[in-house]
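Read the structure below first, then the notes.
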Amino acid sequence: MAHKVTSANEPNPLTGKRLSSCPLTRSGVTEVAQIAGRTPKMEDFVPWTVDNLKSQFEAVGLLMAHSYLPANAEEGIAYPPLVHTYESLSPASTCRVCDLLDTLVNHSDAPVAFFEDYALLCYYCLNAPRAWISSLITGMDFLHILIKYFPMAGGLDSLFMPSRILAIDIQLHFYICRCFLPVSSSDMIRNANLGYYKLEFLKSILTGQSPANFCFKSMWPRTTPTFLTLPGPRTCKDSQDVPGDVGRGLYTALCCHLPTRNRVQHPFLRAEKGGLSPEITTKADYCGLLLGTWQGTDLLGGPGHHAIGLNAEYSGDELAELALAITRPEAGDHSQGPCLLAPMFGLRHKNASRTICPLCESLGAHPDAKDTLDRFKSLILDSFGNNIKILDRIVFLIKTQNTLLDVPCPRLRAWLQMCTPQDFHKHLFCDPLCAINHSITNPSVLFGQIYPPSFQAFKAALAAGQNLEQGVCDSLITLVYIFKSTQVARVGKTILVDVTKELDVVLRIHGLDLVQSYQTSQVYV
């Protein structure tokens, strides 16, 4: 059921003026900026800051409480968070976050600084992994902005409720549909088609039922191939490796060679000083929040895993203690935790892997996680001269060399040591969503300190629609969602083969070298 939104042709009940049909376009930002003029200087908003989350911890508890699946599956049809999530995934529904922004912007004199801070949050989302931790942090940062610029708006203290805004709406707006991205009119129909596929297969992930009457081979758009359109450096051998069904229309202008893509210059001190320099301090990490939230769940517990416990590395950690103090809903499935915040909407298990990847979570939770995993991957590839299986290499390195003990941060080290060899194998070599998360995550953006002289100009450029570039092309991520649905929903063998064959080609085009997707679909979730 689609929820009601105010039409652009209806007069605003507060001002009598007609609402803008797209309040956050580049032209809309410019128009509002001219009207609003200059506003008194406020304290700079910096996303991905622990203090933002601490200041809204009641809202954290509210959002988490409504992010549990029902403990009794038979009650799911009437379980408010699940009903809300299902409705938001309907192609006939509108984006609830866009609706809220439209109402706030058009019913008040929004200052220019609001658009700058909102655009800055969107920029951070483009450099963050699609993960549970990202959805939670983004939701709290978004609420922080709303309270800062619209203090007179009623109900913001209870924003995260069914029929208002829940985890799925944060994910759809900031990570799945990315409603904030500039788009040309020529791309609208193509984006609408891909958007429909995303929603249908995300719904499939939620319900465990594949879309009816879907034939991938005939419905997924593919045209005449040409290796000349493929981005990134390629050799003659590379071109021969690409099968003949790569679509020119899908993988050209918006395509990205992820390992070599150029990143926008940003005003973050850590990056300008040369990366992980020890004298440059970074923002606090969120590892304590992960530990406190997932203690007592099945995320890292069970066969082959070390049960989560607040060990010495986390004693006295404020975020861990705050997370432990959050009341869990009686009707919720505590074993899966607040899993509706995660991209896969649940916590499923297969061969010591989980649908919530603990390594993807570490990317969004700690500034050193990506470099640590990169070093570990290099060690896996280079430490053995004979043909030892990748998984065996991981097991040997963890058992015999205590590889993870050289991680400087004790909290990150403790989190990684709770992961199984299969977690590392899946994340570093197998799963396409993990590979995309790892490639696009930029720790210098998420955790770097701000360099004030260029910060304001950078925010102004973002508010004008500049530098908001899709980190990964829409066709690739849509195909990955289709693939992920085949791991948890029952599909025919023909569809599975068609999807994995296409995905292998597209991953190679984008510079992501993984094991065959069919193998991943059979071994992990």
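Using the three backbone atoms N, Cα and C, a Cβ is placed for every residue, glycine included.
The region 'Disordered' annotation in Swiss-Prot covers 1-20. Marked as compositional bias 'Polar residues' by Swiss-Prot: 1-12. Under the heading region 'Zinc finger 1', Swiss-Prot lists 95-179, citing sequence analysis as support. The Zn(2+) 1 binding site annotation in Swiss-Prot covers Cys95, Cys98, His173, Cys179 and rests on sequence analysis. What Swiss-Prot records for 255-510 is region 'Zinc finger 3'. Annotation source Swiss-Prot lists Zn(2+) 3 binding site at Cys255, Cys256, Cys473, His510. Look at Swiss-Prot and you will find 357-434 tagged as region 'Zinc finger 2', backed by sequence analysis. Taken from Swiss-Prot, the feature Zn(2+) 2 binding site covers Cys357, Cys360, His427, Cys434, and the record attributes it to sequence analysis.
Secondary structure counts, DSSP: the region 'Zinc finger 2' (357-434) has 58 helix, 0 strand, 20 coil. Summarising model confidence by region, the region 'Zinc finger 2' (357-434) averages a pLDDT of 93. Around the Cβ of His427 (Zn(2+) 2 binding site), the number of neighbouring Cβ atoms within 10 Å comes to 25. When the binding-site residues Cys98, His173, Cys179, Cys360, Cys434 are compared by Cα distance to His510 (Zn(2+) 3 binding site), the shortest distance belongs to Cys434. DSSP assigns Cys473 (Zn(2+) 3 binding site) to coil in the three-state reduction, outside any helix or strand.
Neighbour counts were taken at the CB atom with a 10 A radius for the binding-site residues Cys98, Cys179, Cys360; the maximum falls on Cys360. With respect to Cys357 (Zn(2+) 2 binding site), the closest of these binding-site residues in Cα terms is His173, chosen from Cys95, His173, Cys179. Counting residues of the region 'Zinc finger 1' (95-179) by DSSP class, helix then strand then coil, yields 57 helix, 0 strand, 28 coil.
Geometry remark: Cys434 (Zn(2+) 2 binding site) versus Cys473 (Zn(2+) 3 binding site), CA distance 15 Å.
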